[in-house]
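**Student:** Starting off with a structure, shown below.
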Amino acid sequence: MKKIGVLTSGGDAPGMNAAVRAVVRKAIFHGMEVAGIYHGYQGLINGNIENLDVGDVGDIIQRGGTMLHSARCLEFKTEEGQRKAISQLKEHGIEGLVVIGGDGSYRGALALSKLGFPSVGVPGTIDNDIPGTDYTIGFDTALNTIIESIDKIRDTATSHERSFIIEVMGRDAGDLALWAGLAGGAETILIPEVPSDIDGLVRRLEQGYERGKKHSIIIVAEGVMSAGELATLLKEKADIETRVSVLGHIQRGGSPTGRDRVLASQLGAKAVEVLMEDRGGVAIGIRNHQVVDYELSEAFNKAHKAELSMYTLSQELSI
Ligand code: ATP
C-alpha cells in the first residue's frame, strides 16, 4: 500500500492521540503516505481528509481527546453511506484504513472490509469492553481518574461519617467499576456481570453501622443502574441515607497514563504492519502482554468478560 488513512470514532478516549501518532509515524517510516480523516465516519463521507506529516502529530502524545475529533454517524450504518465513504477513500488515493474506536466503530471497519476496502480496528475506548484484547486504549487513564476521585470522596466520607455511592462509566461492562472499586478500597461494587443483591447490600451496610462503621464507599457501574436510583432504593428499603456522586465525563478526559501511551503506540504501529501486508478485516489487541491481530468478526462473536476473580477478591478484602 502506498497510502493509508486513519480516523477516530465513537466516544473519545485518552491515548487516541498517541495511537494516531503511532499510525502516522510508523507508516511514514516505512515509506507510505498517511491521510488524517477528521470527525470519524461522518468526516469520511464528507471528504474531511488531509494528509498528515511527521510534524502534524508532534506534541500530541501527552494530550487527551483526539486531534482528529470524533463523531457518531448514522448515515455510515447504511450500505449507501459506506459506499460513499469508499469512494472518498479512493478519490484520495487511500488503500487501507485504520479505525481507532469502540465496538460500534469496529462494526463500521468490518462493513468496509466486507465491501472490499481493507480496514483495521484499534481498540480505543475507556470501557475495556472489546472481546479479544485484554486492554483497550484509555482504560488505564480512566481507571486512574476514578481512583483519584474515590480517594477524594473518601476523605469527605470519613470526615462527615457518610456513605457515598459513586457512579462510574463502562456502558455494559463492569471493568472500570471493578478495577476502580478494588483499587479504591470500596466496600461494595455493583457491576452488570453479577446480579445485584440489594438486600445483601442493605445487610452489609447495617452490620457495618452496628459495628460502628459510619462511612462506606459503594461503586455502581452505569450499566447496573444510576447512583440516584440506588440511593432511592436504599432509602426506601432500609431508610439508609447516602450521598451520590456521578463522575461523568471527567472519566473520558485527561493526559493519558504511561501504560495507555505505550499501548496506543504498540497497537497503532501493529495496525500499520497489518495493512502493509495488504490485510483487512483485522482487529489489533494485546493478550498476555503480546500484541496480537485477529479477525474483526471475532470481536462480535465472543462476549467481553470481566475478571470475576477480582470481584470475589474485592468482597474478601472489604469485610
Ligand atoms: P464507545 O464504545 O466509546 O462509545 P463506539 O465506537 O462503540 O465507541 P458508537 O457510537 O457505537 O461508538 O459507534 C461509532 C460509529 O461507528 C457510529 O456513529 C457509526 O457511524 C459507526 N457504526 C456503529 N455501528 C455500526 C454498524 N453496525 N455498521 C456500520 N457502522 C457502524
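A Cβ is built for glycine as well, from the same backbone N, Cα and C atoms used for every other residue.
Okay, so TrEMBL annotates it like this:
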type: BINDING; residues: Gly11, Arg72, Cys73, Gly102, Asp103, Gly104, Ser105; note: ATP binding site
type: BINDING; residues: Arg21, Ala22, Val23, Val24, Arg25, Arg154, Gly185, Ala186, Glu187, Arg211, Lys213, Lys214, His215; note: ADP binding site
type: BINDING; residues: Asp103; note: Mg(2+) binding site
type: BINDING; residues: Thr125, Ile126, Asp127, Arg162, Met169, Gly170, Arg171, Glu222, Arg243, His249, Ile250, Gln251, Arg252; note: substrate binding site
type: ACT_SITE; residues: Asp127; note: active site, proton acceptor
**Student:** Please work out which residue of Arg21, Lys213, Arg252 has the most C-beta neighbours within 10 angstroms of its C-beta, and give that one of the binding-site residues.
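**Tutor:** Of the binding-site residues Arg21, Lys213, Arg252, the highest Cβ count within 10 Å belongs to Arg21.
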**Student:** So what sits near Gly104 (ATP binding site) in its own chain, CB-to-CB under 8 Å and at least six residues off in sequence?
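**Tutor:** Expected: Ser9, Gly10, Arg72.
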**Student:** Quick check: of the binding-site residues listed here (Thr125, Met169, Glu187, His215, Arg243), which one has the Cα closest to that of Cys73 (ATP binding site)?
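**Tutor:** Nearest listed residue in space: Thr125.
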**Student:** Under 6 Å from ligand 1 by Cβ, which binding-site residues from Gly11, Asp103, Ser105, Arg243?
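**Tutor:** From Gly11, Asp103, Ser105, Arg243, counting a Cβ under 6 Å from ligand 1 as near, the near ones are Gly11, Asp103, Ser105.
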**Student:** List, in sequence order, the residues of the same chain other than Gly11, Arg72, Cys73, Gly102, Asp103, Gly104, Ser105 whose Cβ lies within 8 Å of the centroid of the Cβ atoms of the recorded ATP site.
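**Tutor:** Neighbours within 8 Å of the Cβ centroid, excluding Gly11, Arg72, Cys73, Gly102, Asp103, Gly104, Ser105: Ser9, Gly10, Gly40, Gly101, Gly108.
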**Student:** When the Cα of Gly102 (ATP binding site) is compared with the Cα of each of the binding-site residues Val23, Met169, Gly185, Ile250, which one is closest?
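**Tutor:** Smallest Cα separation from Gly102 (ATP binding site) among Val23, Met169, Gly185, Ile250: Met169.
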**Student:** Hey, does DSSP put Gly11 (ATP binding site) in a helix, a strand, or just coil?
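**Tutor:** In the DSSP reduction, Gly11 (ATP binding site) maps to coil.
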